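**Student:** The repeat 'Solcar 1' annotation in Swiss-Prot covers 10-102. According to Swiss-Prot, the transmembrane segment annotation covers 12-41, 79-103, 113-133, 181-201, 215-235, 276-293, on the basis of similarity to another entry. Look at Swiss-Prot and you will find Arg84, Lys96, Arg239 tagged as ADP binding site, backed by similarity to another entry. Annotation source Swiss-Prot lists repeat 'Solcar 3' at 216-299. According to Swiss-Prot, the feature region 'Important for transport activity' maps to 239-244.
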Amino acid sequence: MSNQKKNDVSSFVKDSLIGGTAGGVSKTIVAPIERVKLLLQVQSASTQIAADKQYKGIVDCFVRVSKEQGVISLWRGNLANVIRYFPTQALNFAFKDKYKKFFVRHTAKENPTKFFIGNLLSGGAAGATSLLFVYPLDFARTRLAADVGTGSARQFTGLGNCISSIYKRDGLIGLYRGFGVSVGGIFVYRAAFFGGYDTAKGILLGENNKKASFWASWGIAQVVTTIAGVVSYPFDTVRRRMMMQAGRADILYSSTWDCWVKIATREGPTAFFKGALSNAIRGSGGALVLVIYDEIQKLMGFEGGVGSE
């Protein structure tokens, strides 16, 4: 193996470890908000939540879940989420830098437009590629978080039980329910998430962005994650709804398009944004991922990464 290939492998492993660690820490911190967001988003498609028992908002959801299922239940599905999130973020960050070498041919100073487009393409392509590998884990995490049962009334006892139960009933296709719309949504989100962050740092902080303060990086990351979350949220709502009908005898939506149409006509356009406020708050975790990743790179003396040119 040539020295160049060895360096590439070493860089890939390094990016995977740092990105995954940063992601796992931030996800655990915002896990309660993550679960509330998912419950608000999918409750209309849940067989466990009757229409007259649906949560009225963030506060109502927090209070009722804590009271009915216990405070610890706010972290339900978190272990699965961390397991899922480690490879997801690791692959996103690692693939992003590989795609970046291909798509980003200009610096922000040389050509801001091409620099921005290159970052959008590299970020989006990284998200779409990694999604293919980890989608069943993301699917299981959603179903576990949406399970509001207690004791024997729970739908699934854990990650393994969830995956095996859906697989036995629907086969592999059941674990990829909503995958099509997910690709579009993840591309939009990751494009804005990575592309916006790298571009903003390059333009606002200049070529010495690696020396940027923690708070400057966090401020940029916070704005970027909020915007990315809002833009891609309708895609996320549709894919979560599609996930909820896997393993069920009664099919709510015949296709992804049917899901878009029924949500819009039966619940109204605002239904696509249920839980969006929780998502914006949760975005702090996404901002932390970007900043923690950069800080770890600084501490370890690595070049490249999220904040690289």
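For all residues, glycine too, the Cβ spot is worked out from N, Cα and C.
Note that this is a predicted model, so its numbers are computed, not measured.
Help me picture these features in the structure, burial and contacts included.
**Tutor:** On its own chain, Arg84 (ADP binding site) has Val134, Leu137, Asp138, Ala140, Arg141 as residues at least 6 apart in sequence with a Cβ closer than 8 Å to its own Cβ.
Residues 87-88, 91-100, 102-107, 179, 182-183, 186-196, 198-199, 202 of the same chain lie 6+ residues outside the transmembrane segment (113-133) yet bring a C-beta within less than 8 angstroms of a C-beta in it.
In terms of DSSP secondary structure, the repeat 'Solcar 3' (216-299) contains 70 helix, 0 strand, 14 coil.
Sequence-distant neighbours of the region 'Important for transport activity' (239-244) (same chain, 6+ residues past either end, Cβ-Cβ under 8 Å): 38, 41-42, 44-46, 139, 142-143, 146, 177-179, 181-182, 185, 252-253, 256, 259, 263.
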**Student:** Are there any residues at least 6 positions away along the chain from Arg239 (ADP binding site) with a Cβ closer than 8 Å to its Cβ? List them or say none.
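**Tutor:** Set apart from Arg239 (ADP binding site) by at least 6 residues yet with Cβ under 8 Å, we have Gly178, Phe179, Val181, Ser182, Gly185.
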**Student:** Counting only residues 6 or more past its boundaries, what in the same chain has a CB within less than 8 Å of a CB in the transmembrane segment (181-201)?
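**Tutor:** Result: 92, 96, 100, 108, 112, 115-116, 119-128, 131, 135, 138, 209, 212, 217, 220-221, 223-225, 227-229, 231-232, 234-236, 238-239, 242, 256, 259, 286, 290, 306-308.
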**Student:** Using only the residues recorded as binding ADP (Arg84, Lys96, Arg239), report the maximum Cα-Cα distance in Å, whole number please.
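**Tutor:** Overall maximum Cα spacing for these binding residues reaches 23 Å.
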**Student:** For Lys96 (ADP binding site), what is the tally of other C-beta atoms lying within 10 angstroms of its C-beta?
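**Tutor:** Result for Lys96 (ADP binding site): 28 other Cβ atoms within 10 Å.
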**Student:** Averaging the per-residue pLDDT over the region 'Important for transport activity' (239-244), what integer do you get?
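**Tutor:** Mean pLDDT for the region 'Important for transport activity' (239-244): 95.
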